[in-house]
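Straight from TrEMBL, the features:
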DOMAIN    14-153  domain 'DUF7704'
TRANSMEM  21-39  transmembrane segment
TRANSMEM  59-85  transmembrane segment
TRANSMEM  97-116  transmembrane segment
TRANSMEM  136-158  transmembrane segment
Amino acid sequence: MAPQQHQQAGRSPFPILYRLFFLYIEPVSALVGAFFAHFRQSDYLLLTHAASAPVFGPIPTGTSIVLSQLANLYLLFALNEALVLRSTSDIRVWKTVLFGLLVADLGHLWTVRALGLDVYLPWNFARWNAIDWGNIPFVYLGASMRTAFIAGVGMGGPGKTVGTKKRR
């Protein structure tokens, strides 16, 4: 038996804000992170924590390997979000993928704690560099968008289902 289609061809049942963020904005952002983690490792380390980044000489081999592995995970993040979510309008699949990414968001936020708790404070934004903007407010935005989607915010209210088809 062929799987049921949950939407008309080319039409998504999900609000445009979710589609723009999850299918375009965030995957592109993850690809940028992957690029810097793999191809611009010195810059990535300097922006992450300048005091511990090697200034003179090459990046240690182990550090380079770990950064390339991080780049690979950013690539996986981008592909999972962009391709898996594009392949279906089944809300269960979307919620499952987004829940996994929400767990990753929380882990990502936890990792920057070594910079000090004040790094999380929004009034410190003037001190943030490009990586800080990606590691803190952008991750909070992604986590908020995922939480809202999973909670059904903007999905049409009680009694209306999005991404499912009623059986006859």
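The backbone N, Cα and C atoms fix where each Cβ goes, glycine too.
Because TrEMBL annotations are produced automatically, they should be read as predictions rather than curated entries.
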Counted with DSSP (H/G/I as helix, E/B as strand, rest coil), the domain 'DUF7704' (14-153) has 118 helix, 0 strand, 22 coil
Under 8 Å Cβ-Cβ from the transmembrane segment (59-85), and at least six residues away from its ends along the same chain, one finds 22-24, 26-28, 30-31, 33-38, 41-42, 44-45, 93-94, 97, 100-101, 104
Taken over the domain 'DUF7704' (14-153), the predicted model's pLDDT averages 94
